[in-house]
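Enquirer: Supplied in structure tokens, the structure appears directly below.
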Amino acid sequence: MNTTRGELNRVPKPTASFWLIKVLTTGMGEALSDFLVTRFAPVPTVLITAVLFAVILIVQLRADRYRPWLYWGTVSMVGVFGTMVADVTHVALGVPYAVSTPVFLAGLVAVFVLWRRVEGTVDVHTITSIPRQLFYWAAVITTFAMGTAAGDLAASTFHLGYLSGGLVFVAAMIVVVLARATAVLGPVTAFWTAYVLTRPIGASFADYIAVPHSRGGLDAGTGLVSAVLLIAIAIAFTVSWKNSTQPAPSAGTVR
């Protein structure tokens with residue numbers, strides 16, 4: 001990839017800080033979504049969230065390069081809105097998690113197939129045009145919805161509970177990491193598989209901490225969990241941004 005294309009990429013490189021912030025946003029999205037729809041009227045809450053998400057996504061699409069605050073703001077809104085989409089599908093429409101999870105998976109596969117056919121690649125290092133951004137964000141939204149449904153499928157339908165369900169997805173993530181380290185999985189496949197898994201990992205542990213004891217949780221409350229995770233995201237983002245903007249020492253510098 002040449003320098004110009006790299007400079008125009010609209011999304012961040014998948015570094016350690018990327019994955020940390022990603023997991024935090026998934027947990028925050030789960031907790032904040034649950035907090036909002038239980039404290040306010042669900043229908044207007046979902047509609048307002050959809051509008052806010054659409055606005056920030058449009059701003060993100062119009063960006064001329066990767067802007068950290070804008071990108072992570074968009075991902076955070078996807079976390080909230082993606083949770084609402086999965087919950088509406090189950091609660092309002094009555095679709096079982098065992099049905100919605102494979103449906104969302106099929107939708108994600110369709111996005112990747114179309115993306116690959118149109119653009120020739122699904123590599124996140126080449127998100128340099130509006131069409132590729134649209135495919136990227138379509139994939140991101142679908143991964144959040146599918147990950148939410150998969151997490152609830154494990155916790156509720158399979159009766160694993162939030163903690164055990166979360167640990168199952170952590171184990172799956174370890175398998176992906178090992179598969180990538182041993183070249184069993186290529187970088188693109190490993191990235192998107194891990195991206196999907198971060199959603200049920202973050203959401204499962206956020207639910208475990210937030211939900212009442214009667215549901216197998218620690219009863220910390222969705223409001224508190226949302227606030228703590230928002231603060232954690234802000235801190236992680238700030239540290240990551242400062243580290244990325246520090247000038248590299250010159251070759252002649254002696255330390």
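Each residue, glycine too, has its Cβ placed from N, Cα and C.
Pulled the feature table from TrEMBL, pasting it below:
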type: TRANSMEM; residues: 40-58; note: transmembrane segment
type: TRANSMEM; residues: 70-89; note: transmembrane segment
type: TRANSMEM; residues: 95-114; note: transmembrane segment
type: TRANSMEM; residues: 134-154; note: transmembrane segment
type: TRANSMEM; residues: 160-179; note: transmembrane segment
type: TRANSMEM; residues: 191-211; note: transmembrane segment
type: TRANSMEM; residues: 223-241; note: transmembrane segment
Enquirer: So which of 70-89, 95-114, 134-154, 191-211 is most in touch with the transmembrane segment (160-179), counting Cβ pairs under 8 Å?
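Expert: Against the transmembrane segment (160-179), the leading stretch is 191-211.
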Enquirer: Give the one range among 40-58, 95-114, 191-211 whose Cβ atoms make the most pairs under 8 Å with those of the transmembrane segment (70-89).
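Expert: Comparing 40-58, 95-114, 191-211 against the transmembrane segment (70-89), the winner is 40-58.
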Enquirer: Mind checking which residues reach the transmembrane segment (191-211)? Cβ under 8 Å, same chain, six or more beyond either end.
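Expert: Distant contacts of the transmembrane segment (191-211): 14, 19, 22-31, 34, 82-83, 108, 112, 122, 124, 139-140, 143-144, 146-148, 150-151, 154-155, 161-163, 165-166, 169-170, 172-173, 176-177, 185, 217-222, 224-225, 229.
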